[in-house]
Every structure is written in structure tokens, then in C-alpha cells.
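For Asp612, the entry in TrEMBL reads active site, nucleophile. The active site, proton donor annotation in TrEMBL covers Glu665. What TrEMBL records for 11-25, 856-865 is compositional bias 'Basic and acidic residues'. The compositional bias 'Low complexity' annotation in TrEMBL covers 44-65, 929-943. For 170-181, the entry in TrEMBL reads compositional bias 'Basic residues'. The feature compositional bias 'Pro residues' is assigned by TrEMBL to 875-885. What TrEMBL lists as domain 'Glycosyl hydrolase family 13 catalytic' is 460-820. According to TrEMBL, the region 'Disordered' annotation covers 1-65, 163-195, 835-958.
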Amino acid sequence: MTPRPTPSGSDPKKTAKKKVAEKAVTKKASAQKAEPVAKKATAKKAGAGKTAAAPGTGAAGTAAAAGAAAAETAGAAKAGAKKVAAGTAGVVKAVAKKVGAETAGAAEAGGKKAGTEKAAAEKAVARKTVAKKALVKEAGVDKPVVKKAAAKKGAVKKVTAKKATDKKVPAKKVPAKKVTAKKAAAPKPGDETPVAEPVAAPVLAPDEFASLPAASPEVPAADRDRLLSGTHHNPHGVLGAHPVPGGVAFRVFRPYARGVTVVAGDVRAELQDDGEGFFSGLLPLREIPTYRLLVAYEETVQDTEDGYAFLPALGDLDLHLIGEGRHEQLWTVLGAQPMTHQGVTGTRFTVWAPNARGVRVAGTFNFWDPSAFAMRSLGSTGVWELFVPGVGEGELYKFEITRPDGSKTLRADPLARRTEVPPNTSSIIHASHHEWQDQEWLANRAAGAPAHEAPFSVYEIHLPSWRPGLTYRQLAEQLPSYVKDLGFTHVELMPVAEHPFGGSWGYQVTGFYAPTARLGTPDDFKYLVDALHQAGIGVLMDWVPAHFPRDDWALAEFDGRTLYEHEDPLRAAHPDWGTLEFDYGRREVRNFLVANAVYWCEEFHIDGLRVDAVASMLYLDYSREPGQWIPNVHGGRENLDAVDFLQEMNATVYRRVPGVVTIAEESTAWDGVTRATHHMGPGGFGGLGFGLKWNMGWMHDSLDYMAHEPVHRKYHHHEMTFSMVYAYSENYVLPISHDEVVHGKRSLVSKMPGDWWQQRANLRAYLAFMWAHPGKQLLFMGQEFAQGAEWSEAHGPDWWLLDPAYGAEADHRGVRDLVRDLNVVYRHTPALWQRDTDPSGFQVDRGRRVGGQRLRLPEVRRGRDPPAVGVQPRPGGPPRLPPGRPGRRPGLAGVPEHGRRQVRRRRRDQSGDREAGPAELARPPGQPPADAAAPGHGVAAPGLNQNSGADPWGSAPGRRGILARAEVTHDAQVVTSAFGSRPVCSTPSRWVARVSATYRSLVP
């Protein structure tokens, strides 16, 4: 590294030569015989009191000659003497200062003629630096003065700094002899000037501090070079205050500073400039005091604590857990943490970089110059730490890392909790101040049923484009009410973790612990989650632990070597996306990801994580040709490290955060994705531990089937029914996600065959089939109102389609109303969600071909306690349920004794306007449906009301009737056509098969 010119213009080699010369002059002056005189001592309180210059010896001529010799040898030696009136008390304050690297000692003036009543001081003109002026002005420090004590015989004995420190003085106050401005007490021959020894703070009172020369222990050359190059592993062992023989040594590294003064209480001692930004001094103290630094720059003076005066802010337990990869709250110990440490407010910076030769912090608080902010290595853990006093929230920062080859890189904090808005990449110091209001939601979530046994319909959204331009807080005013109106139980947010490229939709994450700054601060995001919870809506979040981008300011080769990515090139890069894959075999990396999952659930109250690209994690040969992957230790293609990671992540999240759910986007037939990690499967291995899994097979097969023209569907019935073969092997979610409506795949309604009328009819049939199928539902934004165009993150959904001024607005609003009705029925019908994963909860009864072309699939869904729900699409007549069996209600297997069922079919007009909705579903007991007697509507299935007694919609005498009506919406005409060869007819576009379930409970 090229040495930086020192602020004082001194050269270290020349400075050393000057010190040798000055030392010789000092010895010569002190060798002269003289009688010592007593001198008034000014005491300072506990702190880094500066060593003052001792009185010289010999006559004035000798002192002048010595000063001239010192100036000639050392060059421009600094000395000054000032006569100060002590007032009534006659207290003489003497403070010696050393300024600049050239100052090696002070030339001392001798005493005048003995017996003189009035002491006079000769003033020597010394060159003053800009830094000294700034310090005097800022701190109110008097100019350095050296007093001449009156001597009987006109001689004063020289007392060196070393000799002064050897003198032992008790820690208590030393009585001072009063010296008036007119007359000074003459000391006896042989007396020496009383000097304070190193004592525990407080040292001396302000009027008792002795004027002593300050020694200047230099920083060792090796340490100096490492500090300058940013490769020192323990800067705290060199900089700061350290006990040494003779006192306490203070060393400060402040490039570009003109001067540094140590302040301890009322004591101020200016340190010597050693060049290249180093300042040092030795004070005669027994213990290290509490002190501050006044750092003078060209135009300002900075009053600050010394960052190298603090002990490590990480405990041994934290370091042990980090080293073992078991710290489940990693975000509390790594990154930038505003805190109060040892009574001082500041920020603790910590980062894991085990391969780095050195780490420093750069930010707005040091004008992005990290030179004076070197971090220390905390042993074998690979963690570097530095507490910076006076730095707080809102400051930008990065870590400057010196790689093993000596090159440097500036990196964002991997655990930053807040970042700049892209394309800027700096991390921001952050502390949360949000006060949560969702305690009731969290309590109910923890006490509720598991997700696979509860209603679970999800609205997937991309926050930046749902309503472009809205912030987190503005979204909190609109999103909860919209989702609640549609009846969804949860929203799933596409990745909100910080990502540099908006076109990645959040799936190329660089800030794993920071919500994207595009929409606001982390507290703003918490406000949005809080608002959704208060509206009764759960919040899921896409989480991407499979890969990360190659940006050179983020995680890629973070400390100069492969760290977060795998060291094997065949396993480091993802062949499809060009990103890097995490090394799940490294415990610190696994800890980074597991703690991240816990972080989102604990800190942001996220109710579930949808884990992206699980299949790419599980298989070593995923998207790789032979020869591009290496088998595992057993010779297989399974990534055993990834399996261990997923099991650990799921077990940790479920243990720490009650009521959450993890969802796997896994597209293969891996066994036991949703099986508990401690439950052994057929192969003798535990499951991955997820709560739910996306049913990618159902999604592809069903969409392929619906894309066929009706005339061709008779050859593809297996595509619609195959999902029932494996529907109960896992806890499934039926996803129509963002992946299916982009990149040329077309929107959901555009996938349907036929003209616009037929496309909407097929879409309604498909949505009804989806809500009735075993499994949970997920629908991407824009598909709920049949948007015809593909989704784009640039502009989001086409909300203008719902504008009443638009001619086809009714078509789109009708589909949205259908989705609302489906969700209302779904949430209030336990048979549709309670036994999704139990084969006994669903039955396809008497499926048969009609004329070799059409397939009818009467479906029966069963819950635990509520009655069963049956649906049979059938054109040309009333819907039918399969006949009953002996001992059971006709047509309904598992129906309670006091249950009544009625299946009706209702038409809707071609515009899609809803004719029945939640208001009708909430019809009071005893009131028949409004259209019960209408021709062609409400035709009862044979035998459903046999032996029912009085009005099936009313209450029996002596009993209170409880009516629960559940609606399962199907487009009966289109469903039949979807299974047949004939195209849909031109009759009204939509048929709704409504299953009305009525049951009574006995009450006393």
C-alpha cells in the first residue's frame, strides 16, 4: 500500500532521527548541577491526564542554548511559556502538549536570578498548527505553558518523564503548595518537584496535576503496516488504551486528522502525531480511565468515544452457537445492531467472513473511508466484530473485505435488515419500532387446526404490481378489504426479500433478511401484515433458499472464496437460471437459511413459507446431463445435504412458531414431502416435514385437458381423473400460480378453447372443479376476474376490465362473483376441506360413459361431523346423487340421522351477473328458497326428503332448527360438455348446481 502523506508533513524516519538528537540535548541539560525547587502541581481527575513537561535545569542562557541546539537538530522544536496570574489562590496550571510528529520534547527555559520575588517566564515563539487552534477553540483548552519556579541559587533541576513516573505518590490527593503571582516559596537544596505517579482513576484533582513530558510509544511497524492495509486481525490489541510500564499508552488511528486529544473528565491531553494518521501518548496512570477523543480535522472537531476501548459485544455462547451452526436467532448477533454497550450508545457491526485477511466498515458515518474502522476477528468462528459508538439508525454501510490474495471488495451485509432502494446496494442500520396489534390472530393461529385440516384458499399476489405505485402502508388500506370481500383465507406474497432485478419477481434474492425497499421500510411491511391479520387473513410468503444471484457486491465469493455457494463447480451453479446454489453441507450456511426462515415468522408474523424450487434442491442431477453431476456417498442422485437442511428448517420453524405452515413447490414424486421428519416412510427415512405441497401434476394435467377441444376430450379423460390416484399421498395445494400465466403460456381464461363466451364458460367450470377437488386452492391475481392478457410485473392486473364504463365489464365481474361464491361455500362447508387428505373424505361413485363419449362423475365429499356434500353434473334433468344403502339416508353415505339434503340447479344469464350470493345463503330457518317453486329450478333429487315430516326448511315442534346452506358452484352444462364430444350449446351459459345442506340439532 502506498504510504499516505501525514497531515503534519513529517516523515517517520526523520522523526526518529530528531528524537535521538533531542534526547542527547536533554541529557546534556539535565546533567548540569542545580538545586531543585518546589513547583505548584496541577492535579487532574481520573482520566488520560497528559504528561507535562518538567522544569529545566541551569541558567537561562543554558536553557536558551539547549533550545537552540534542539531546534537546530530536531527542527522547529515547539516550546512555549506563558505567565498566568493565579489570582487569590495563586494556582498555577501547567499543561504540556505535544503536537505533530516533529515534536519530540520541549525546550525548557531556566530560572532567573535566585531570590527574585516575582517569577517571570520567557516566551518562546513556537509554530502553531491548525489542529491545535481548532482544539483550543472547541474544547476551551489553555495553550501549553511551562512555568519557571523561583530558585534560591537560580538553578532548576531537570526531571525527565521516566523519572517522574517512577515516583510513587498515593492515590489520594496530594496537597499543593500555594504559589502567588508575586512571591514563590523557595525550595530547599536537594528537593525535587513533586510528581504524580500512575494511579487509579480518578488520578488527581485539577489543581494537583504535575506538568510532565508525554512519552510517545510508537505503533510497531508490523502492526502499523497491517492497519494501513486493512489486514489486521486484532486492531483492538494495538489501538485504544493499554497499560504499559510507566502508565497507560493511548494509540489512535485517524487518517486525515490534524490532531487528537484524549479527554477524561476535566483532563485533556493532546497526543503526538506519529504520521500516517497515527497518534499516541503515554500518560502516568495506573488504570485505564473512561475517556473520549477530540479529533480535529481541517474544518471541524469530532467529539467521540474511542471504538477500540470496548470489549467484544458478542458473548461466548453466541459465538459457540454460530460456530456450531445452531444459532436460531442469527439476526440478533450478526449484521448491524443499534445498541447500548458498556453504557455507550452505538452500533455493533458483525459479519461472518472466515477466509478474509481483514474486514473494515465503511459508511456514511465515516465518509465511506473504512481505514479507521478495522474489525477484529473473534477466533475460529470466522466472525468479525466492531462496536462503533455514536452511530445509529439510518446510516448506510458496507463491509470492506480483504480477500486472501490481498485484493479488496466492498460487500453489502448478508444479514442487513434494511437496504437502499435498488439499484443502490448499500445496507442501512435499522431497529424496529412497530407495535403489533394482531395478538388475537396469533393466539387463534396457535390453537387452531393444522393447515391441511382447515379451510385454506389462497390469493397469490405480486405486491409491486398488484396496484402499481402503492407503498406497504397504502396497500394496507386496500388489499385486506379486497381479499376479505373475495373470501380468500390467505394471501401469498411473491418474494418480498430484497432483490436487485425487478424482472426476477423477487426470486433472485440478495437481501435475505430485508423486505424490499421499493415499497417502504421493514416497519411499513409489518404494518401491512398487521392489517391483513386484523382483517382475518393469513399471510404466506415465497421464500427462496435454493439459489442466489452472482452480484459481486452480495453473497457470491463473499470473502474471496466460495463461502455460501458450493466449492465444487459442478454443484455451485444452477444450469437453468445462471444463479449459484447454496452449500447445504456447510453448517454456517445451513444456519443462515434456517434462521432466516424463523426470522420472517417471528419478526414479521408471517403465517407460512412457500419454499421455492424444492425439486432443484433435492436432486443432484436436476437439469444436468450425465457427467455434469457427482453421485452422493451412496451412489444415488439425492442431495443428502439438502434433505438434512429441509428437515432441520421445517422442524425448527414448527417448533419455534406455533400455527405456521411450510409449503413445498416440489414437482417430482419424492416420497414424504409432507410427512413429519420423525415418521419413517416405506424406505425407512423420515419425511421432509412440510405442511403442504403444491400439486404440480394436477395443475398440468387439468390445464392440458381443458385446452383440448370438446370433440377431442373423450381421448383424454385420464388427464382429469389421474390426480385421484395420488391425491392422498401428500397434503396438496391445487395451484394456478404466476408461473402459468406468463412467458407465452397465456392467462387462465385464454387457455380455454372456443370463443369468448365459451372460454368464460370453460373457466367457470374449471374453477368449480378446482374448488370441489380434494386439496387447497391457490389462484393468482387477475385470474379471479378472467383477465385475458398475460400478467406483467410492469403494469400488473388489468383493473380497467372491471370499470363499469367498459362494455364487457359484466363478463369479468361475473367471474369474480363466482370466485367469491366458491369461497363462501368452501369456508362454511367442512366437508370440502376437513378431510382433504383422507381417502374416505371423497368418493367418485358410478362414474360411467354415456354413449361412449361423455363421462359422468358423481362426487361425494364428506366431513367428520357435518353432512356430506354431493355433486353430479348432468344435463337435461335434475342433478342426482347415488342411491342410499340399507341403514343410511338415501343417496348420501355417512349422513347424520337428523340431516336433510336437497340438490338444486340454477341457471344464470349469459352476462354472468350473479343471481344468488351470500345474502341468499344466509336465508333464515323456516324460509324456503326464493326460487324453490320455479319451473326448472330447485328440483329435488329422488328420495332426499323421504320421511322428513314437515317442511324440510322449517323447525320441528319443540326443536330449534339450524339451517346451514352450502353452495358448490359448477357450470353443469359446461362440465358435461368438457367430458363429452359435443360442443357447449347456445343455451344460457352458466348452470349452478347448488347443494343445500340442512341439519337440525336437538336442544333441551
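Including glycine, each Cβ sits where the backbone N, Cα and C put it.
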Integer Cα-Cα distance in angstrom, the residue listed as 'active site, proton donor' to the residue listed as 'active site, nucleophile': 5
Under 8 Å by Cβ from Asp612 (active site, nucleophile), same chain, sequence gap 6 or more: Pro495, Tyr507, Asp542, Trp543, Val544, Pro545, Ala546, Glu665
Neighbouring C-beta atoms (10 Å sphere around the C-beta of Glu665 (active site, proton donor)): 21
Reported mean pLDDT - the domain 'Glycosyl hydrolase family 13 catalytic' (460-820): 95
